[in-house]
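Colleague: Below, the features straight out of TrEMBL:
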- 139: active site, phosphoserine intermediate (ACT_SITE)
- 89, 365, 369, 406, 407, 482: Zn(2+) binding site (BINDING)
- 89, 200, 202, 360: Mg(2+) binding site (BINDING)
- 21-37: transmembrane segment (TRANSMEM)
């Protein structure tokens, strides 16, 4: 028998029913229509084990979703004061689905019916990810596309396809600028937050022009490139776009002179400084920002002790290279992606002209490359938490938020698993070829390929639930590869409806710029008299509607 629970709109109710050692959960169906504020009945709970058998359950849910969709007929044509791009590196559609299930299971649910924060975005489209010279892309060429609006060759950042990878003399004249620069030139505050090195492929396309993504510091550059005048990416972070307001991530060692001992790992050679030019880029930044309310931090305690109201510029370098996986993160010393995003927005939103923020969940990609699906999916769930945090701190009425990926991976899950099967669990049958069990998660290639006595490894003899278990792969490779299929683009906020259907990946920054009236997309923002065409947002109304959305 179904139960109806009435709550007022100021309460959030979560119920988990436990029966015969099997967790049954309740579905919350919320219809946020015009009558929401006038109805005492906002949340309905259905014991799923019974209700899912009834057509009425599914019909009612679909009808409520339909009514909510109809409210989108009135499009949000406001000017986007703020722009946020969440980039899940390697977050293909199978990764999104598996992370959704994991998120639900972490909350004691079956998982399939769970909503990720990105699932709540009203507009979804697909992006074609190929590079100009690659059917299956890399993260550098794709970053140039979704940040600079121009497709490019694999391995290059911030340069057009006329530039050739690793050939320094093809850089000059082929530079392309990013939406971060467009926003900065329009007077907005700008920020970069990543779980990788701040000079890794994704963030570097925001500020650098490099024909090789691996030129992290001058130590990684060939002598001829240095002789020809090319700059390493770490140096470009501080020199190309003056005064980037917020930069947080890893990559500390690339900022310090060679063999300089790291502050967190003294005496560990692999974490020591790498720069051959003897420059201390961090100290140079500190000196430059000394009278500009700038702060440098390298651990979580320092970060969270800051008062954002008294910080205008922030450089946070929390590891010598990439940040640790969230499952392995020292919660006392290393900030989470969510914590970094919260601090970043608190600093950036002080600018009355708004802000642009790039947030990268960069280690999703690393988990997949290593065949460690559990690491990759937990990284995805953490990025989704960060998306939720950003949603709480901004308004859909003046903030365009986009969530997407640069590319996919040859990751998938299947095997006719039953409802509620742990996402890291076994398929419910044996292989009818080698009569051995197999996990639902599998890779097309990668380090998980293993032969034991001439046959496929029997997964029941290993701990396939371990955080670092490498899921079985069809083809042996030391590192798993990217996938070439389209990726999802989730969008909300002003003019988010312009992201629809199937687009080239380089379309994304053009939409964001158009919504914010920056870069080359400004003509539509003014009439002949110079007044704005796109509607500004009344702060009081935005606040009211934001509160309503949170309650919904």
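Any Cβ shown, glycine's included, is placed from N, Cα and C.
A description of the local structural setting of each listed feature is requested, covering burial, neighbours and distances.
Modeller: If you draw a 10 Å sphere around the CB of residue 139 (active site, phosphoserine intermediate), it holds 27 other CB atoms from the protein chains shown.
Over all protein chains present, the Cβ of residue 89 (Zn(2+) binding site) has 29 other Cβ atoms lying within 10 Å.
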Colleague: When you measure from the Cβ of residue 365 (Zn(2+) binding site), which residues in the chain that are at least 6 apart have a Cβ under 8 Å away?
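Modeller: Sequence-distant Cβ neighbours: 89, 90, 139, 376, 409.
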Colleague: If we check Cα distances from residue 202 (Mg(2+) binding site), which of the binding-site residues 369, 406, 407, 482 wins as closest?
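Modeller: Spatially nearest to residue 202 (Mg(2+) binding site) by Cα position is 406.
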Colleague: Which are the residues of the chain, 89, 365, 369, 406, 407, 482 excluded, whose CB is within 8 A of where the CB atoms of the Zn(2+) site average out, their centroid?
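Modeller: Neighbours found: 90, 138, 139, 364, 368, 405, 408, 409.
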Colleague: May I ask which of the binding-site residues 369, 406, 407, 482 is closest to residue 200 (Mg(2+) binding site) if we compare their C-alpha atoms?
Modeller: 406
Colleague: List only the single closest residue to residue 360 (Mg(2+) binding site), chosen from the binding-site residues 369, 407, 482 by CA-CA distance.
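Modeller: Comparing Cα positions, the closest of these binding-site residues turns out to be 407.
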Colleague: For residue 482 (Zn(2+) binding site), write down the residues of its own chain that are at least 6 apart in sequence and whose Cβ falls under 8 Å from its Cβ; none is a fine answer.
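Modeller: In sequence order, the residues whose Cβ lies under 8 Å from that of residue 482 (Zn(2+) binding site) (at least 6 apart) are 90, 136, 137, 138, 407, 408, 409, 410.
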Colleague: Starting from the Cβ of residue 369 (Zn(2+) binding site), draw a 10 Å sphere and report how many other Cβ atoms land inside it.
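Modeller: 21, counting other Cβ atoms within 10 Å of residue 369 (Zn(2+) binding site).
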Colleague: Below 8 Å Cβ to Cβ and six or more residues apart, same chain only. Which residues does that give for residue 406 (Zn(2+) binding site)?
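Modeller: For residue 406 (Zn(2+) binding site), the qualifying residues are 87, 89, 90, 129, 137, 139, 142, 143, 146, 202, 487, 505.
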